[in-house]
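The structure appears right after this line, and notes come after that.
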Amino acid sequence: MPVLCSSCGDKRAVLKRPKTGHSLCKACFFWAFEEEVHQTIVTANLFKHGEIVGIAASGGKDSTVLAHVMKLLNERFNYGLELMLLSVDEGISGYRDDSLETVKRNQEQYELPLKIVSYEELYGWTMDAIVKQVGRKNNCTFCGVFRRQALDRGALMLKVDKICTGHNADDIAETVVMNVLRGDIARLRRCTAISTSSEGEGVVPRCKPLKYAYEKEIVLYAYFKKLDYFSTECIYSPNAYRGHARTFLKDLESVRPSSIMDIIHSGENLSVRDGVKMPVQGTCKRCGYISSQSLCKSCVLLEGLNRGLPKLGIGKHHRLHDKILNQQPLTEKEERKLKAVHF
Amino acid sequence: MCQVEEEYHGPLLREELPSVSRQCVKCKEASAAVVIRAGDAYCRGCFKEYFIHKFRAMLGKNRLIFPGEKVLLAVSGGPSSCSMLSQVQEGLSQNAHKKLRFLPGIVYIDEGGAVGQSVEHRRRTVEELRAVFRATGFPFLMVPLEQVLDLPSSVVLSAPGAPEQEAGAYKAAVDHFLLSDGSSGVTAGQQQETPPPEVQEAHTHSLQRLLGSARTLTAREELLNILRQHLLVHTARSAGYSKLMLGDSCTRLAVKLLSSISLGRGAQLAHDTGFSDSRYGDTILVRPMRDYSAKEIAYYNRMFSVPSVFTAGLDTKTADKSSIQHLTESFVIKLQADFPSTVSTIYRTSEKLQSCKGSASAEGDRCLLCVCALDTAAENASAFSATLISEQLSQTKSPGESRQAPEWTAPASQCCSIVGGELCGNRGGGCCSSAKASESPPLRSLLCYSCQLTIKDMSSEEVLPQYILSEAERRLRRSQLREEIRDFLLEDEADEG
Ligand SMILES: [Zn+2]
Ligand SMILES: [Zn+2]
Ligand SMILES: [Zn+2]
Ligand SMILES: [Zn+2]
């Protein structure tokens, strides 16, 4: 006997919502999913009428669904937003080439302008070249730091007011767990925020409209909407530690499906004791980007790459920042410590 | 694509090679008997000194336990709480200036009934522990968990505590104590040999029915934790103890911190894992073992023959993925094996948290079960309201249902106040009617986010012990009353009742 949709009570249910366990028909699922994103946008005041919004598009499922839903809601509810796609080309052959093709198709399907910024043009390094120098162990560090700045630079070129990213509920819960495991209280406090206001020169405010959407529901939505997305994991796989956290989260979800939301709830309600030292945000003395040190992470990593000392940006070498800024040579001992370790 | 957004931390340290040195790092003379952290090898004597010093330092640093104060040690029979007991004994036998100056007593909660042990099995465990406790000379209480069924409702109220002690008060109390009878031996009264109370079979069945009504092991463990804590606090209160010492080790607390986060208890983390926990007001929970790792404790107990007694828990024989608590424990332990800084890193987070802001002085603002401040205000765009919205949007929206809404309305689930008027009337029924249809049952409105999850996993709320049900009824009546007279109240005052 077919199960009836628990929402309309009329049509046949085609899926069980991972988030609530309800059985829904296709139309009711689409409506619920879109309505939830809409309510997130409205209650969190993510956008203002007339704003230019850049959608960070990678060609993956999250950003493809984000682009689709943003365009749809913008028209349905008359947000009055001017939407654009913003992509970063990390320079990973065989992976990014294909996913960028997907983004280009999305651009045509959604009729949205697209801007692609590449690591190569911004930093003079492709990820392929970086991995050649640093090995596979820490490459995600480079990629993460560079992408963050690349999006900002692209956003400035496009003159957008805001960037929205495809981070979903699973990503945020995972980040909460990661920050607990690292003991990073400052990030733990910030990481559940749905939006960041402009933190300084060159930093565009960001928001996460899919913050409360389950990854599984994003996949279901993309599947039933037959959205065109690219589903291969990055060939430079993320570090093992994050992998552990991800597995843990999946296990939690299988024991209690609401775990993802429960962890986000925890993150939203944490209260840091008064008097716990938090890093003070300043700006990078070289490029002006926000940084709690005299040099931003991106500049330190780049300096390390250019000098052939890739470990410079990994771990804490704040003491060396002044030397770098003043273009002083490093001692032999310092150099030796920062050379790549080959695996 | 890897979802790493801002990941640039130093590589976490993998297990370092054991130290080459076989000499004690402290006295540099005796040969090392134990390596507690990579490189830190101690000889027997120095390890003992280090271990004992750490206990006194933890109490000294926090200055919470006053000289002459009655302190109840909750001993489960496990290695950590038994080690705590031996540290208190050790502290009382020290010479004058290092001596602990409080009056200890012991309580053991016999949970055998909850895990289905035979009467004979339970009797044997109690006898074993009785021998351990008798040897300490401290007064002790053996309480079967079944007694939780007869608790008074006052347990779930936060009793007004002693007024905030001034900074100088501790020192003054110490001085005063030293002047008076600080030199004489002290315990919290005589050891009395009261036979353990008879447990009626019917009570054991009720307890089992209560725990059995939880459909998930996760909820069952949460429920058991709550009941145990209520019984401990009640026992302390009625025997005149103002502090309750719990034996949570650093390892235990790291697991608890992560599982609390996974259970949605972010707001209550400071209470759940901090050195002191004042949610009950007059009876303060203290965790003096929080600086010791489970490994250190095991070494110490073995080396100095600290007795402990194995008692089975709810999850003793279950698979890793059976409950959130169990899953988290095996996750942390496995991670710790690969990355030895895992436990201490997680643990340090617990020192940087505080209980949630905003005063929850009124009983209406505290959770009926865990007695922590409620964290369920439906703020705009929160995980809590997003979940409510998802549930509303996935259920039938029949127009008639709004009229059947229960009399008592949960403030949290009014969707119109959440989304703002402009969206109402959208698509047929609109969100107003759908909101009413999924009104949360009244009792849940008295619970924090996490305890709501626990109750959601129970087949019936009716099996909850009477002291909880009658307190729930009282609170609901009061809030209904407040609703009726709301128009006449000049300010939205907190309920002081
Ligand atoms: Zn339907
Ligand atoms: Zn910079
Ligand atoms: Zn020694
Ligand atoms: Zn609670």
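Each residue, glycine too, has its Cβ placed from N, Cα and C.
When the candidates A:Val88, A:Val134, A:Val203 are compared with the ATP site entry in TrEMBL, which names A:Ala56, A:Ala57, A:Ser58, A:Asp62, A:Gly166, A:Asp171, the shared residue is A:Val88.
Contact annotation for chain B: of the listed binding-site residues (A:Ser58, A:Val88, A:Asp171), A:Ser58, A:Asp171 place their CB atoms under 8 A from a CB atom of that chain.
Over the domain 'Cytoplasmic tRNA 2-thiolation protein 1 C-terminal' (A:282-312) the predicted model carries a mean pLDDT of 81. Across the annotated binding residues for ATP (A:Ala56, A:Ala57, A:Ser58, A:Asp62, A:Val88, A:Gly166, A:Asp171), the two most widely spaced Cα atoms sit 19 Å apart. The secondary structure of A:Val88 (ATP binding site), as reduced to three states from DSSP, is extended strand. Taking each of the binding-site residues A:Ala56, A:Ala57, A:Val88 in turn and counting other Cβ atoms within 10 Å of its Cβ gives the largest count for A:Ala57.
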